[in-house]
């Protein structure tokens, strides 16, 4: 392969890259016709922004629809109980004139029993296999299992089906968090996480209208029409993922990235974003470090606390609205504004998280305030007129925003392929535990007390999540300060324990200037036309080593 001498002088190493089991060669025309190092800062920044917009255009719609289909699957369960599922599958029990939904709660929780078994292994699967193709495979399996819901005729069969559905769907979130870390730099990630996670609100609005139509035209078992549609569309969508989702910045495919300059910029971004590389061998030492790292368990507890809210909004949302005196169609339609609230709040907080540095751990507690106010309104406001509890319910739907901020914190503050995969899996593990708890926190017998236990549980959970976010801020700040002091002293390694970070053993960067530049890159300090990392350093000195955030003295935690 012919190379431009200028490029070779800057890079000083072979252009073949190992990415997992895949070996990538950049096309020679990239080196013959283009030399990014000859571009001015302003020219490069403009070209890079164009590439990022193209990445957004290709990946975000695929991820948004996939996440939306996952939400539709969960939301359909909530809606289906208004259209005959409870009786058809024997999901209720009546004792002394009181109808209990314990069987329905167990069926709803069964999904998360399957999810909890598979989510940690899934985090490791995506460190070893191609992200896009593997994700497409699991989406296909999920669609088939979803379609088979219509074959269930009793309670035990439905519970078993829900377990297998959870096993299959557990792949989606770890895959897309890995995709986010691979294609976007840390300071770009919160907004993108917010965009595709907002699909929960977008699809809540869309599917509520769709399910009203399916419920009216579904024959004697109208709830089955919802699963026929959801399963069939999910199967179709798995092929869209397979054929259109690019695998990595080093193998983006020629369908979208056929411009040599775009492909060169993709490689440069890949080299400047070492924390995003995910296709690496499993490292036992990183597994041990992840389990010992107190931040991992804080992420887990925060994920659990935030998603305790899910039971009141998703699993039992339609039933709670129905208990205020609305019929099935009205209850379904009245869920639409809740989806709008989810979308708006996620976009607002993701925007501020990306626009301003080091405020995510402060934004997260702020984002829980609407949820807490909503719970208090439903619990304490009169239910007649019904506008009071409805407004409260819509405020509670803002719980998606703190979860997006939590994901953005974890992905930006974790390095090492195995550690990153496991850390995000722990968050999803918390998501599962929270959802399981939520399934058993709505008591139909508490309707006269306005479901008091439900709202008290959610309020406590939001307070806990907020407090843990501030604990994280203290841990991040302490560790950053310790590393800065170590750098200023000019020697040693950051091996002493700092609050909440355990013990680390690393090497110190050879040059303080290089370390400062890497730190600036991690925090997204550079703005406008400035490059986040010096071009020579990014290519010549940054042959990727799969090290964790603790093993990298130049790593600085985003607050």
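Backbone N, Cα and C define each Cβ position, glycine as well.
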90-109, 110-129, 250-269 - the range that TrEMBL marks as transmembrane segment: 110-129
Checking 362-379, 488-505, 506-523 against TrEMBL, the stretch recorded as transmembrane segment is 362-379
Students should find that the transmembrane segment stretch in TrEMBL, chosen from 270-290, 333-353, is 333-353
Does the transmembrane segment (163-183) come near the transmembrane segment (455-476), with 3+ Cβ pairs under 8 Å (pairs 6 or more apart)? no
Tell me if the transmembrane segment (455-476) touches the transmembrane segment (362-379). I count contact as 3 or more CB pairs below 8 A, with pairs 6 or more residues apart. yes
Between 55-72, 110-129, 195-214, 297-321, who has the most Cβ pairs under 8 Å to the transmembrane segment (455-476)? 297-321
